[in-house]
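**Student:** To start, I am sharing the structure in question, which I have written as structure tokens.
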Amino acid sequence: MGVLVDSQKEGFGSSWGGLKNLVRRKQVDCAHTKRLDNHQLAKELTIPHLIAVGVGSTIGAGVYILVGAVAREHSGPALTMCFLIAGIAAALSAFCYAELASLCPSAGSAYHYSYICVGEGVAWLVGWALILEYTIGGSAVARGISPNLALLFGGENSLPTFLARQHFPGLDVMVDPCAAALVLIVTGFLCLGIKESALAQGIATAVNVFAMLFVIIAGGYLGFKTGWTGYEVPTGYFPFGVDGMLAGSATVFFSYIGFDTVASTAEEAKNPKRDLPLGIALSLSICCCLYMLVSIVIVGLVPYYAMDPDTPISSAFASNGMQWAAYIITVGAVTALISTLMGSILPQPRILMAMARDGLLPSFFLDVNKHTQVPVNSTLATGIVASILAFFMDVSQLAGMVSVGTLLAFTMVAVSVLILRYVPPDEVPLPLSLQESIDSYKLRHNSDAQMINGENPAKSPGDPCLPLLGEKNVAVDCTVVEKLEALSSFTAGTLDEENRRKIAGWTIMLICVGAFMLTFAASNLWFSSLIRFTLCGAGGLLLLSGLVILTCIDQDDERHNFGHAGDTADREFIIILLLFETVRVATWVRVSVWLMVGVLIYIFYGRRTARC
């Protein structure tokens, strides 16, 4: 849905010979990407469904463990500040997702946004990285369920034999039948329909939230009873300094990952322009409040240096005479993992389907079941691969690759917002008010023309209630385009449109390069001081110069006046910093191998079959 503008106004040189495909950008809802009847997903989700999906995908069992490890090693009593800072950083990314999801409500999430705003080559790498993220993430979550489930049955080795972990010395493999079975069960739920799976995830999330509320209420009672001894430590509120608190914030940041699952269901929301931003914002706000309240209570019950790094919450209650609380906490951890497992598997079939729509993957992943309106082939393929990994592999060594895929997607979404504001593609979404004005003008214009010609406007074909720009191959009336061009001339000032787009495109590239140089040099301590300071200075200069230039350049036709360039660049800087601070060299090597495989597949298949 959008207004067609001159295709010659591409800000990035799309005529670079053999690189043309790499920078080719997909039009929003262009003719060949329109959903056909047999590939239409069900529009069933409302705001409560989206909140259930967002909260369920975000709050995992990590909060039941992270509070102990981070408090002991990084933050001390300032654990609450770590969750607050990480929540602010996550909110900056969430704003980008909410903006793009409401403007481009289609399956595919970060892949879809990158294809529209950046180009086909980058979109393929983002989609390929997301496939890795969700597959390994789902497998890792599934293997974490069986130990917690065993605790409910009395101990580590209390699961039935056919579900318990078995070790094969000859192959040095620890198989986990319980994890594989849970992945297949969750896959079956996801095949039933998006509304049914959202309901199941909502039930699991509700149990987890009740467990966390128990921790907050019962822990608060114990805290007031004992005088909050955890805060009476001689080292003060910041025992590891501000640096330790920031390091703890980088660690707990990943406990907020999951709101991007809401964006992947954009095509299944009843009112995506309104519901998606609210669903993302409310789910992230709920998670941040719960995390901070739990951390306030637990740090106050036990001094940070006396916390159990493996079971901090259970041990905190046990030290105050409430050993039975461990069962409630374990139930919360199990339901949190099950809900997170559903949130890990849910987005990938939709990304596979979106890539198949664009011709980058085989049409096998494109089919949607007529009854459940779910991409069944993609869902089954995702579930089978994830269950095999959960059964055979100890994916903990690969878990860092999930972080790379997530932060890569977050970075490209932030860049996409900048591009959408300053160098949008040929066909771009409009704010609802401007679109309604154009539709109203067009309907009046057509009605007047029919009356002049002696025709009855009431008998004209087509439904006048349908928005003009939602129809296929519809051109906006020349008078309206002239008005938009006049508006563009006013906002562009002394720069004509073509030069403005070129300058904006190069400036965005400088901002990306500057943010990369600054964060890379700041996070790699093995560089010499001279090299680090030089790279930091050059990167900071590029970043600051780019922000100043973008501030002086008006946004495209005032159709993308959704904020300021500086806030988006700040989001990008924070995300790239987390990317280098939290990912190890060995993980970068593994991810590079995966991405190189993706590049080869794109060269020999995707580049030839892409439909855009």
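Indices start at 1 and increase along the chain as displayed.
Backbone N, Cα and C define each Cβ position, glycine as well.
Annotation source TrEMBL lists transmembrane segment at 50-71, 77-98, 110-131, 173-194, 206-224, 236-259, 280-304, 324-346, 398-420, 503-523, 529-553, 573-605.
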**Student:** Find the member of 50-71, 77-98, 236-259, 324-346, 503-523 that has more C-beta pairs under 8 Å to the transmembrane segment (398-420) than any other listed stretch.
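**Tutor:** When the Cβ pairs under 8 Å are tallied, 77-98 comes out ahead.
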**Student:** Hey, which of 50-71, 110-131, 324-346 has the most Cβ-Cβ pairs under 8 Å against the transmembrane segment (280-304)?
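**Tutor:** Counting Cβ pairs under 8 Å, the winner is 50-71.
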**Student:** Sort out the residues at least 6 away from either end of the transmembrane segment (236-259), same chain, that have Cβ-Cβ distances under 8 Å to it, and list them.
**Tutor:** 54, 56-60, 62-63, 66, 69-71, 73-79, 81-83, 85-87, 89-90, 94, 97, 280, 283-284, 287-288, 291, 304, 340, 343, 403, 406, 578, 581-582
**Student:** Report, as numbers and ranges, every residue of the chain located at least six residues beyond the transmembrane segment (206-224) whose Cβ falls under 8 Å of a Cβ in that stretch; write 'none' if there are none.
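**Tutor:** Distant Cβ neighbours of the transmembrane segment (206-224) are 55-56, 59, 63, 290, 293-294, 297-298, 300-301, 313, 316-317, 320, 322, 325, 328-329, 331-333, 335-336, 339.
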**Student:** Which residues of the chain, 6 or more past the ends of the transmembrane segment (324-346), have a CB below 8 A from one of its CBs?
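**Tutor:** Same-chain contacts beyond the ends: 53, 56-61, 63-64, 134, 137-138, 141-142, 144-145, 148-149, 151-152, 182-183, 186-187, 189-190, 197, 200-201, 204-205, 207-208, 210-212, 214-215, 218, 258, 261, 264-265, 311, 313-314, 317-318, 379, 382-383, 386.
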